[in-house]
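**Q** Right, I'll just put the structure down here and ask away after.
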Amino acid sequence: MMLRYTVVQGGLGLLAVRRACVVSRFAHSAPQSEYRPIKKVMVANRGEIAIRVFRACTELGIRTVAVYSEQDTGQMHRQKADEAYLIGKGLPPVAAYLHIPDIIKVAKDNNVDAIHPGYGFLSERADFAQACADAGVMFVGPTPETVRKMGDKVEARALAISAGVPVVPGTDSPISSLQEAHAFAQTYGFPIIFKAAYGGGGRGMRVVKEYEELEENYQRAYSEALTAFGNGALFVEKFIEKPRHIEVQILGDKYGNVIHLYERDCSIQRRHQKVVEIAPAFQLDPHLRDRLHTDAVNLAKQVGYENAGTVEFLVDKHVADVCICRWSRSLPELSLKQNKIRVNGCAIQCRVTTEDPARGFQPDTGRIEVFRSGEGMGIRLDSASAFQGAVISPHYDSLLVKVIASGKDLPTAASKMSRALAEFRVRGVKTNIPFLQNVFANHQFLHSTVDTQFIDENQELFNLKPTQNRAQKLLHYLGHVMVNGPTTPIPVKAKPSSIDPVIPPVTMGDPPVGFRDVLLRDGPEGFAKAVRAHQGLLLMDTTFRDAHQSLLATRVRTHDLKKISPFVSHNFSNLFSLENWGGATFDVAMRFLSECPWKRLQELRALIPNVPFQMLLRGANAVGYTNYPDNAVFKFCEVAKENGMDIFRVFDSLNYLPNMLLGMEAAGAAGGVVEAAISYTGDVSDPMRQKYSLEYYVKLADELVKAGTHILCIKDMAGLLKPESSKLLISALRDRFPDVPIHVHTHDTAGAGVAAMLACAEAGADVVDVAVDSMAGMTSQPSMGAMVACAKGTKLDTGIALEKVFDYSEYWEVARGLYAPFDCTATMKSGNADVYENEIPGGQYTNLHFQAHSMGLGNKFKEVKKAYAEANKLLGDLIKVTPSSKIVGDLAQFMVQNSLSRAEVEERADELSFPLSVVEFLQGYIGIPHGGFPEPLRSKVLKALPRIEGRPGASLPPMDFKALEEGLRAAHGDDITPEDVMSAAMYPKVFQEFKDFTANFGPVDCLSTRLFLDGPKIAEEFEVELERGKILHIKALALGDLNKAGQREVFFELNGQLRSVLVKDTVAMKEMKFHPKAQKSIKGQVGAPMPGKVLEVKVEVGSKVEKGQPLCVLSAMKMETVVNSPMAGTIKAVHVTADASLEGDDLILEIEE
């Protein structure tokens, strides 16, 4: 609607005059001289302006009529009117509001007395004003002739010149070709600006700074003007850089009276559209202000202007105390005289839009899930369609609501605006609110003048504080679980218990002094001496890590660990340490529990300040399953120590000394306690098993002690230590190293754990591992209660109160029920002494069991265990601990899945598609096993694949942490922490998925475990504590039917307000298409050897492949398999893409000879 006369004043700024239309009980109709009352008004517009006019009409007792396009059926403006009618049926969205015949027809058919054009669309079209006059319908605004003069920017320039107002150099008429623009630029030089001749609001505007940009910007400006205003005519002006954009409000009547209502500063703009307006203009020179006012009045008189200068001056109504919505008589009759108009304080208006400032103010579209406005004293809101459930389409202006703040001066008004913006909550679409908050916190904005380059020259405005949106994201997560089930894989069909554990009472005050106080006071060396000098047996509690890894697939959440932590701190201060981190917990936390492992460490450290924490460090593998550059291992240990880790139990899955030494050095450099762990396998008491003899272990211990370990550990990950072998091994080590503390870790799979640990203690071990009773036994550690009771009253007395163990156990007994879907007891009812034969580590025993079930091999688990022993022999009898145990397990499952015997694997090794972990092991990716690699298996599998000699990580270049951090910030924002960088360094893909998850679903770690796993039941009410003092009250209400997009609407009540979220039904969507199966009878069809996810497709249609060449990589339950070509030929078709989920035998690709 608004036409701008662009003029120069004193070289300091721009002067603009715009036309706005007012509503009155009487309006002037061009062809008639008499007045007639208005009983019904139509607004030929939409959104905020239509609603504002409707409100003014209602206050005046005038009936209102809305028009709307097919795309606007859900918009608020049609609901605010007394009547609403469709226009432009079948036309594009904008064209509907430009269709004059439809608008006039609706007006005539429904006895409309007057039409208000609003702004934009037809507001500056003289032909529309004339059409209204011809139809006998009043046009709320100037006469058609005045509209013609003001709508034609070229004539407007001539009028400005005749009024004595200096103007910027520009074309005398709309240009008709690119050559005219070029000629203008040659005369006046760059930069120039294209402007729409018949509209404003920033549309059809393009700045051109050099010749190469001319053609593209001409085309864009023409197209934009044509779409917005129905006329693509352009004119060209010299572009004035860095002006202040000042606008003056004027009022004129038909008698030639014109007054001004002072000015406003509209300099803060993006894409030539106003973002913030301030009235009166701040720090404007008084002489320049008077000149602007005078020129504005003169220009209005020159054109014979009637009505208000612009509808947007409602902001100025607060400043000048003049109502511009009900004017019907002459200005003097309304007592509107210039000498009576006074400035009253300051007002600021800003446009809240659905735009993303971080992406160049790109408009955002979607459904508004949450809308809460900022209100209060000194705040006014003019909204468009700002309500929960509103759909923001891409077709129209991105305005959501105009916010107007008023106060006695600029700082006061700005303060009110900042407060109001902070109160807004808009979810579902991006808004510019964070950007506006930065504007109102900017020193230049508050204390100096700004120009139209303010945004471009203050890039810090784009340092946007991310909105948390925690509540709505949690509703999305809960809705997702209600529709699709748990986000973490569930191995057995069991529901989490509905009973939450009761936390035993904790005494007030600080916890007692513990061994961590010794460590902090005396350092690692002093700590080791204190441990060795301690009278009695020390215990390490594995309940917080290895126990639940072994029994519950590592699925215990920080939520449940935190609850019991204060009790542990107050009642078990004499523990040697608490094993609570590292190993599998690191990636499982992100991968399956969707929580940050570093946050777990930080929160537990705050709750247990007195007991040392211990973690598993996989030597050169850190907490991963692969090799990392040396500096990554050092950096990881450094960050872990800074976050509260104390003891680093360093091991290597093959006892490969170079890998262990690197981990020890890294832990020591970080200031941690170095506990070198020798992984135990075989049986030192069996003279028939001499690969891993007593001599082997003592020699290895010699090397570790020489390397400076503070503590020596025996890591019996499968529970193979029998009482006799325990006595032999620990006695030999104690005799050899009388001053070094010895720590023994075991599992109770065979049921002999307590006896073995008591034998170790009697032989001289200082520390043994236990788990609380309800989390002990089977594949976990020996019972804490049993060890405490057996040692009580002897020289091994632990000093732990047995009744406190019972309380501790009771908590975990109930808490364990929450993890019923992961509990190994679902199918495994007892320990099994066959572990002495298959040597499966305790933690892996559970994982293997779950993997077998997920791959359809649950009824063949006995075969899997036998195959594990055979796979171990195939690979040369390995030390079996992560990741070497995973390699053996992958091969065992592969053998069972494909019904392969040990002999068949050896015979067909050159043609089988082995699991990727097996191939990489044989290449040397995790080190060199004791006794070397198995031959000829290695040569058959690898063929021409490269082999790694020596320590795998030694040849890796240093990791560039700065580049990594920069990449993460670019992808995820500036809230990336050093801990995030380390997570990405260890598990780049898992971390990316974790960040994606939290971006969608928020902080799910604050949900109770039952809600996290199973979601709420309909009508269930519950509370979620986001942080201290911030509690959400939620009620699940209903689950909607499936819509055409494959979504279901899930309804909640949040803090008493109705909320809903749309959730994709993944099962229903999957049923909409079917993946073909590979036919074994058809040569060249390659099927998935197992259910899984496609990680990578290595070929494309037309590729030439050889037999045994890798085709793609699949992953299932952390096991990756390379699918190799069964034949030589050419790829005929590829049926999968990366990230596709496949079932067994799903067709991957087709090969033709």
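Note that Cβ sites are derived from N, Cα and C of the backbone, with glycine treated the same way.
So TrEMBL lists the following for this protein:
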- LYS153, GLU237, HIS272: ATP binding site (BINDING)
- ASP546, LYS715, HIS745, HIS747: Mn(2+) binding site (BINDING)
- ARG618, THR882: substrate binding site (BINDING)
- 37-460: domain 'Biotin carboxylation' (DOMAIN)
- 157-372: domain 'ATP-grasp' (DOMAIN)
- LYS715: N6-carboxylysine (MOD_RES)
- LYS1118: N6-biotinyllysine (MOD_RES)
**Q** Could you tally the C-beta atoms, other than its own, that fall within 10 angstroms of the C-beta of HIS272 (ATP binding site)?
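**A** Excluding its own Cβ, the number within 10 Å is 18.
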**Q** Between the binding-site residues GLU237, ASP546, where is the Cβ count within 10 Å the lowest?
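**A** Taking GLU237, ASP546 as the binding-site residues, the minimal 10 Å Cβ count falls on GLU237.
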**Q** In sequence order, what residues of the same chain, 6+ apart, have a Cβ less than 8 Å from the Cβ of HIS745 (Mn(2+) binding site)?
**A** MET540, THR542, ASP546, ARG649, ALA677, CYS713, ILE714, LYS715, ASP716, MET717, VAL768, ASP769, GLN781
**Q** Write down the Cα-Cα distance for HIS747 (Mn(2+) binding site) and THR882 (substrate binding site), rounded and given in Å.
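**A** Here the two Cα atoms are 15 Å apart.
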**Q** Taking every protein chain shown into account, which of the binding-site residues LYS715, HIS747 has the largest tally of Cβ atoms within 10 Å of its Cβ?
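**A** For the binding-site residues LYS715, HIS747, the Cβ with the most other Cβ atoms within 10 Å is HIS747.
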**Q** List the other residues in this chain whose Cβ sits within 8 Å of the Cβ centroid of the Mn(2+) site residues ASP546, LYS715, HIS745, HIS747, in sequence order.
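**A** Close Cβ neighbours, site residues excluded: THR542, ASP716, MET717, THR746, ASP769, GLN781, PRO841, GLY842.
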**Q** Would you count the other C-beta atoms found within 10 angstroms of the C-beta of ARG618 (substrate binding site) for me?
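**A** That number is 28.
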**Q** Take the Cβ of THR882 (substrate binding site) and count every other Cβ within 10 Å, whichever protein chain it belongs to.
**A** 25
**Q** Pop the Cα-Cα gap between ARG618 (substrate binding site) and GLU237 (ATP binding site) into the table, whole Å please.
**A** 69
**Q** In the predicted model, what is the mean pLDDT computed over the domain 'ATP-grasp' (157-372)?
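**A** Here the mean pLDDT over the domain 'ATP-grasp' (157-372) amounts to 77.
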**Q** Round to a whole number and give the Cα-to-Cα distance in Å for the pair HIS747 (Mn(2+) binding site) and HIS272 (ATP binding site).
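**A** Cα-Cα distance, HIS747 (Mn(2+) binding site) to HIS272 (ATP binding site): 70 Å.
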**Q** Can you grab the distance from HIS272 (ATP binding site) over to ARG618 (substrate binding site)? Cα atoms, rounded to a whole Å.
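**A** A Cα-Cα distance of 58 Å.
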